Amino acid sequence: MEQQRPLLYLMLAFMAFMIWSTWSQRNAPQPIPQQQTTQGNGSNQQLDVPQAGGLPAVAASGVPNTTGVDAQSIRVKTDVLDLEISLTGGSILEADLLTYPVSLEELDNPVRILDKNKQYAAQSGLINVTKSADDAPNHYALFTAEKEEFVMEGDTLVVPLTWMNEKGLNVVKTYTFTRGKFLIDVQQTLNNQSGTVWSGNQYQQLTHGDNDTGGGFGLTSVSFVGGAYYNGKYTKVKLSEFEDTDVSEQIKGGWAAMLEHYFLSAWIPGPDAKNNYYTKFIGDRNSRIIGLTSPTLSVPNGEAGQFNSQFYVGPKTQKNLIKMSPGLDLTVDYGLFSFVSKPIFWVMNKIQSVVSNWGWTIILMTLTLKILFFYPSAISYRSMAKMKKLSPKLKELAEKHKDNPQAKQKATMEFYKKEKINPLGGCLPILIQMPVFMGLYWVLLESVELRQAPWIMWFHDLSVMDPYYVLPLLMGLSMYIQQRLNPPAVSDPMQQKIFQFLPVVFTVMFLFFPAGLVLYWVVNNVLSIIQQYVITKKIMGDTAPVLN
């Protein structure tokens, strides 16, 4: 039985890792409160305006002076979004997701993605190669709107913002919203009546001034908070890394985004043009910026030119992200266990489309996995049942060679070979279950589809712990029954006591795990108990006791 010590070590290591992870999440350092900054006057005010055509950033000349307080803004409300858009630059300052409450206890309090209190905003504008701010409205320019509030009544809502100068340039920035969608069409149309050719670029960027990088050091701190862009490869930039990161890359298509747990905001240009992607850090504002500038557009006098793109602010719903832009679905980041989590979610999503309940989906997925791994599990259970049946002979061998450990080891291994027993067979179910367990953990942690997903009775949110601890207690009971079905994993009395105590420790640990994860473990244990009981009963015989 000494060969089964690796099973003990494996379970102890897993237990220690998960306890440490849970502890680290609950004792994570709180984010440093963000000190609100104001924008100064002069050229420093516009350090966050990108360059046009390789020229220095435009100066402040001719741009209306704002001191960090928006003189005026408008509200835009659709069936899924509630936005505050500043008339200074037409920047989106706040974005509330009306169909995603902060919690089930605060159903009237929607999740806020863009947040002016965190200096987290979506900015866009035009930059002119002449270096004159008078010739292009950046995100400091004053726009006008037809009214202060726009409310969706039909299937679409069009919100035009207008800027013009004395030289005959007119720019209309238009946001077009579609019912039921978090994806916004953004168009900037420049009408040139200036008497000369206008040449310049569009820029679009996300700025974030919060210090919260997600918190925690353990397993549950995997949820990434920061910037990301796509150049054929998914690249992330943590908020804490912006100061030391200087991205400047020409990319065809792609996107630039700010990510947080379950949600993201992203600028998505057209798929064909080559855009310059960049990051920037402005220390005196504690501002982190990720964005892109378009290719240069020339608009002859008397004509109009357009810049078209899309802006997404909403949940990381995978089926929608895949359709919007290549690589955008990678923002659902399962980390090291993506190779397990992605197929698990794919299977679960297919089942969910039929049963329309994530709790039953988890149960049916567990049953599917159990069928898939039925044969290797059966081999393991047969090995353990044989070992249990032949344990008296093993004790005789141990007694016979009690004074000669080497002879005892050799005789035991010969006995295993003769009886076709794999002494490590008991590890196989655990080894199979661990990757699936970890993969499902990340699915529950990262998939917005399972956020606040109900099951039955008091299970209103499978992504949080069971409030009455019923599932963890059932898990502990099922683990205890499984132990009784197995032969003693080790012969050392102290190690046997540790094994016997494991169901209690795991029960306590699972009290704080997501209910959906514990549900998977309970169902898997019950199915394993049934399979193991039938196999053990068959090998042991009808008269022999099955439980230890």
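Using the three backbone atoms N, Cα and C, a Cβ is placed for every residue, glycine included.
The compositional bias 'Low complexity' annotation in TrEMBL covers 33-46.
Taken from TrEMBL, the feature domain 'Membrane insertase YidC N-terminal' covers 74-347. Taken as a whole, the domain 'Membrane insertase YidC N-terminal' (74-347) shows an average pLDDT of 91 in this prediction.
The domain 'Membrane insertase YidC/Oxa/ALB C-terminal' feature in TrEMBL is assigned to 358-537.
Annotation comment: TrEMBL describes 28-62 as region 'Disordered'.
Residues or ranges marked as transmembrane segment in TrEMBL: 7-23 (among others).
Beyond the transmembrane segment (358-379), the same-chain residues lying 6 or more positions past its ends with a Cβ under 8 Å from any Cβ of the stretch are 344, 347-348, 351-352, 422, 425, 428-429, 432, 436, 440, 449-450, 453-456, 459, 462, 516, 519-520, 523-524, 527-528, 531, 535. Taken from TrEMBL, the feature transmembrane segment applies to 358-379 (among others).
Look at TrEMBL and you will find 423-444 (among others) tagged as transmembrane segment.
Through the fold, the transmembrane segment (464-481) approaches residues 458, 502-504, 506-508, 510-515, 518-519, 521-522, 525-526, 529, 547 of its own chain, all at least 6 residues removed from its boundaries and within a Cβ separation under 8 Å. The annotation transmembrane segment is assigned in TrEMBL to 464-481 (among others).
Counting same-chain residues at least six beyond the ends of the transmembrane segment (501-523), those with a Cβ under 8 angstroms from any Cβ of the stretch are 11, 15, 18-19, 22, 26, 358-359, 362-363, 365-367, 436-437, 440-441, 444-445, 450, 453, 455, 459, 461-466, 469, 471-480, 483. Residues annotated as transmembrane segment in TrEMBL: 501-523 (among others).
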